[in-house]
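Undergrad: Input: one structure, supplied below.
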Protein chains: 2
Amino acid sequence: MASAPLLDVSTVLDLPAPLPLDSGQSLPGVRISYEAYGRLNAARDNAIFICHALTGDQHVVTDHPRTGKPGWWVRMVGPGKPIDTDRYYVICANVIGSCMGSTGPASLAMDGCPWAMRFPVITIRDMVRGHVALLDALGIEQLHAVVGGSMGGMQALSLAANFPERTRAALVIASTARHSAQNIAFHEVGRQAIMADPEWREGEYYAYGKGPEKGLSVARMAAHITYLSEAGLTDKFGRRLQNRAEKTFGFDADFQIESYLRHQGISFTDRFDANSYLYITRAMDYFDLAEEHGGLLANAFARSKARWCLVSFDTDWLYPTAESRLIAHALNAAGLPVSFVELSAPYGHDSFLLDVPALDKVVGGFLG
Amino acid sequence: MASAPLLDVSTVLDLPAPLPLDSGQSLPGVRISYEAYGRLNAARDNAIFICHALTGDQHVVTDHPRTGKPGWWVRMVGPGKPIDTDRYYVICANVIGSCMGSTGPASLAMDGCPWAMRFPVITIRDMVRGHVALLDALGIEQLHAVVGGSMGGMQALSLAANFPERTRAALVIASTARHSAQNIAFHEVGRQAIMADPEWREGEYYAYGKGPEKGLSVARMAAHITYLSEAGLTDKFGRRLQNRAEKTFGFDADFQIESYLRHQGISFTDRFDANSYLYITRAMDYFDLAEEHGGLLANAFARSKARWCLVSFDTDWLYPTAESRLIAHALNAAGLPVSFVELSAPYGHDSFLLDVPALDKVVGGFLG
């Protein structure tokens with residue numbers, strides 16, 4: 001069978017009305033930037049919506065326009081792949097608050113100046129409201145499935161719980177139904193690192209040609225450690241030195257892990273907006289699906305009729321298996337069909353992005 | 001029995017000769033600031049040397065001169081306590097490189113200006129060389145025991161391994177024989193946070209009346225997370241809000257954990273020198289006791305005749321039990337008597353400083 005051509009790559013939608021937000025405010029002039037692959041069938045019922053993670057974007061299978069690197073889930077999405085674009089119409093939208101084309105703090109507000117810190121604080125549910133507005137515009141009443149890892153999993157949970165008529169299935173990978181104190185703590189370190197940088201200028205750095213790059217870099221370094229397992233770091237770097245035979249007795253990056261982390265931090269600042277990092281981490285910290293539903297997680301799923309699949313990784317200490325288990329218990333309490341699997345992979349939280357063949361099987365098998 | 005009076009509290013020793021360092025340099029004009037409690041007996045063989053942790057100091061049982069808070073191990077050290085000052089002469093010295101009276105980057109160099117980043121990069125073994133010089137000056141040939149938690153444990157390991165004739169016992173708590181890639185990574189985040197702060201001024205901030213307080217605060221926040229367990233954070237803070245009924249949809253410290261971390265960061269800058277933080281974290285990252293002894297940890301203990309005791313905590317993810325187990329295996333391979341216990345405590349790495357009655361029993365029992 002010939003592969004279906006890619007359709008609708010890099011499209012934008014300008015929402016016709018302001019987007020209502022959990023804060024009580026509404027966001028005017030919202031643009032949603034998204035990509036879509038495969039063909040929407042005549043019944044308009046073969047769509048899969050992929051939700052991206054904190055620093056991810058809509059470039060699931062296309063090269064990133066700033067870094068030139070391949071799409072972040074090219075191994076999972078495509079013709080004949082677990083999320084099969086020969087069979088499904090696959091959509092991914094940049095979340096509001098981000099910086100890859102959808103409206104965020106770097107976008108121009110109605111007065112023609114960047115929103116900066118005037119941008120309203122948004123929530124995961126607000127991001128999902130943007131996704132649902134996109135589905136409305138595309139004439140898709142119900143998804144075949146919503147899929148996401150990490151913060152994408154939060155959106156998948158939120159969409160399937162809060163807009164239960166909009167999806168027949170939800171696949172939540174390496175995620176959680178609420179941010180823990182430790183999760184919040186790491187994000188707060190990142191935010192403080194950004195806001196401590198005098199180049200941040202209370203968020204009004206856009207006119208200066210440079211932003212709080214050092215602070216954002218430190219934020220990324222701290223976060224990056226949480227994405228990897230201790231054992232994975234030991235395997236990959238251990239105490240090996242970086243291009244030198246001996247320690248230098250100085251503060252250069254003697255160890256490979258230092259050089260790697262510095263590179264992760266610096267390269268991140270080329271592709272991501274510091275204010276977006278503040279807003280999106282805040283949305284994640286605010287996420288508590290049970291709290292939205294009277295404090296009982298099972299209540300969140302009361303109106304769901306979806307099939308559910310939860311995947312965790314044994315080395316993920318950011319959103320460990322216990323978090324997925326809590327969700328599985330709540331889905332069971334709500335009487336919903338749920339499959340839950342903990343996969344073994346050495347990469348920590350980032351396993352959902354990496355070469356874990358068992359994940360491919362679970363994803364392909366669940367989506368059918 | 002009446003308690004012995006405290007002796008020698010807050011004493012300094014000026015070393016008569018430059019201290020040789022692992023870097024090949026030597027450090028002139030070294031002052032060691034220390035406290036000592038109890039009485040040295042006539043045989044001079046009842047001394048216990050306590051080694052402090054990264055941000056600790058010699059104020060084991062006396063109030064901290066800057067914060068006014070009680071000494072950091074007042075629960076463990078004193079008359080009738082597990083480290084019994086009625087029986088033992090208990091010494092703790094501020095490590096070189098630190099900022100509480102021993103020579104460090106904030107001290108004046110020979111030219112009358114602060115060392116700042118001209119201070120040589122030191123190692124754990126160099127700190128121990130300072131301790132041994134102090135023992136020499138005090139006329140103590142052999143300790144009853146060397147004791148330390150965290151970085152203090154590294155010094156205890158290093159002293160008992162590298163100066164085996166100087167102690168009859170070593171008690172190593174919540175520590176490791178080498179810094180892992182993850183350990184180095186967290187320290188590197190902290191260093192980069194400090195060095196990213198323009199107030200750091202390449203370390204030459206002493207004349208300006210203020211230093212890189214924001215950067216040091218971020219460094220402390222990141223490190224502090226690693227000292228606590230995820231479960232401990234959840235118990236202590238969870239997602240509880242700070243003095244408010246609702247989330248504010250802003251970037252204030254809505255959550256208690258945010259407020260707590262910010263306080264930890266800011267208050268740390270009142271009592272610690274940023275350059276000392278750079279140097280001491282570097283010393284810890286450089287620590288690899290096996291590497292000093294041909295790459296085999298058992299070799300490090302070849303000349304030891306000491307009794308050993310290792311203690312780990314089940315919730316310590318900074319230096320987890322597996323690290324202590326490696327040390328125990330090496331001690332076994334070296335044919336040395338070692339007792340090794342993993343204690344259960346909810347506080348993570350910081351358990352060694354907190355109310356863990358089982359630790360008191362182990363410490364008291366081992367020291368005899």
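Glycine is no exception: its Cβ is also placed from the backbone N, Cα and C atoms.
Relevant sequence annotations retrieved from TrEMBL are reproduced here:
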DOMAIN    A:47-354  domain 'AB hydrolase-1'
ACT_SITE  A:S150  active site, nucleophile
BINDING   A:R220, A:D350  substrate binding site
ACT_SITE  A:D316  active site
ACT_SITE  A:H349  active site
Undergrad: What is the nearest of the recorded positions A:S150, A:R220, A:D316 to A:H349 (active site), using the Cα of each?
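TA: Nearest by Cα distance to A:H349 (active site): A:D316.
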Undergrad: Taking the Cα atoms as reference points, how far is A:R220 (substrate binding site) from A:D316 (active site) in Å?
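TA: Computed Cα spacing between A:R220 (substrate binding site) and A:D316 (active site) is 18 Å.
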Undergrad: Pop the Cα-Cα gap between A:D316 (active site) and A:S150 (active site, nucleophile) into the table, whole Å please.
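TA: Cα of A:S150 (active site, nucleophile) to Cα of A:D316 (active site) measures 11 Å after rounding.
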Undergrad: Across all chains shown, how many C-beta atoms besides its own are within 10 angstroms of the C-beta of A:H349 (active site)?
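TA: There are 23 of them.
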Undergrad: Using a 10 Å radius around each Cβ and all protein chains in view, which of these recorded positions has the most neighbours: A:D316, A:D350?
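TA: Going through A:D316, A:D350 one by one, the largest Cβ count within 10 Å is at A:D316.
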Undergrad: Tell me the coarse DSSP state (helix, strand, coil) of A:D316 (active site).
TA: coil
Undergrad: To the nearest whole angstrom, what is the C-alpha distance linking A:D316 (active site) and A:D350 (substrate binding site)?
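TA: About 8 Å separates the two Cα atoms.
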Undergrad: What number of additional C-beta atoms lies within 10 angstroms of the C-beta atom of the residue listed as 'active site, nucleophile'?
TA: 27
Undergrad: Taking every residue in the domain 'AB hydrolase-1' (A:47-354), what is their average pLDDT?
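TA: The average pLDDT of the model in the domain 'AB hydrolase-1' (A:47-354) works out to 97.
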